[in-house]
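Notes for the one structure printed next.
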Amino acid sequence: MIFQRTVKEMVKTTGVGLHSGNKVTLTIKPAPINTGIVLMRTDLNPAVAIPAKANMVRETTMCTALVNDEGVRISTIEHLFAALAGLGIDNAVIEVDAPEIPIMDGSASPFVFLLQSAGIQEQSAPKKYLRIKRTVRVEDGDKWAEIRPFQGFRVNFAIDFNHPEIARSQQHMVMDFSSTAFVKDISRARTFGFMRDIEYLRANNLALGGSMENAVVLDEYRVLNPDGLRYEDEFVKHKILDAFGDLYVAGHAIIGEFCAYKTGHALNNQLVRAVLAAQDAWELVSFDKEADAPVSFAMPGNAVFA
């Protein structure tokens, strides 16, 4: 039987909020079977819990944000969720003392390290996978995203930026998912942005915590970060990282192929909602044997380092 997973121990870190620029403390705690991922705002009295569900994603400008019916929000969840998805964590309580998850270095790698430091605990209930039975597609102008049946989890992603540095890099990638491939090839890819946008963002109280410490920054011609890129194709890899996180609000690891062109947080969430709404397009499945599961996660205790 392939079992659900949580973290073995509580683990905590502190970072900066990308949009607020303020210090944020993040705590990850174990959770019982069938809890899912629950985020909690501990700076509010009483604390407010927000379950990580597709219909709770109500803001997708510059990041993915969960917002409850009372307007309480937790923003910038996508990199943490990519790490949770990449390591196959089904159940956890995520406490944060601010309206956003800390940006850390702009990638999922610090969250992978945090989860591996906490340890991964198998639980007593079977892990449920969301298996795609028919293709579901969403479009917005020339942008599109779809998910189709596939015996595994594959990502086929293309970006198209009219920028000389990005144009020089590979802008299309196909990846068959495994925990090892995610940690080594995707998790360290950082978010990126353009100098020309920063003034506008800061005038709107966004990206106040953004810097070359937590993003790849480009001017009109080149990457400005002194150390350059972590991967030659870091741009498309970061978009794949974002997609991993955005898709995980489906509540389960996906068995299918995610194909996308120029998609972002908004279209990713639209796709998840469209899939869940089309009840004939998917089914929940479990597996008795590791060898039978088409999606592979590293075994607990076997840390995979980038």
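Backbone N, Cα and C atoms are what each Cβ position is placed from, and that goes for glycine too.
According to Swiss-Prot, the protein has these features:
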{"type": "ACT_SITE", "residues": "His265", "note": "active site, proton donor"}
{"type": "BINDING", "residues": "His79, His238, Asp242", "note": "Zn(2+) binding site"}
Problem set entry | Env. residues of Zn(2+) site, Cβ within 8 Å of mean position of His79, His238, Asp242 Cβ | Glu78, Ala82, Gly106, Ser107, Ala108, Ala189, Arg190, Thr191, Lys239, Ile240, Leu241, Phe244, Gly245
Exercise. Do any of His79, His238, Asp242 (binding-site residues) have a CA within 10 A of His265 (active site, proton donor), and if so which?
Worked result: Asp242
Exercise. Ranked by the number of other Cβ atoms within 10 Å of their own Cβ, which of the recorded positions His79, His238, His265 ranks first?
Worked result: His79
Seminar exercise, completed: Using a 10 Å radius on the Cβ of Asp242 (Zn(2+) binding site), the other Cβ atoms enclosed count 24
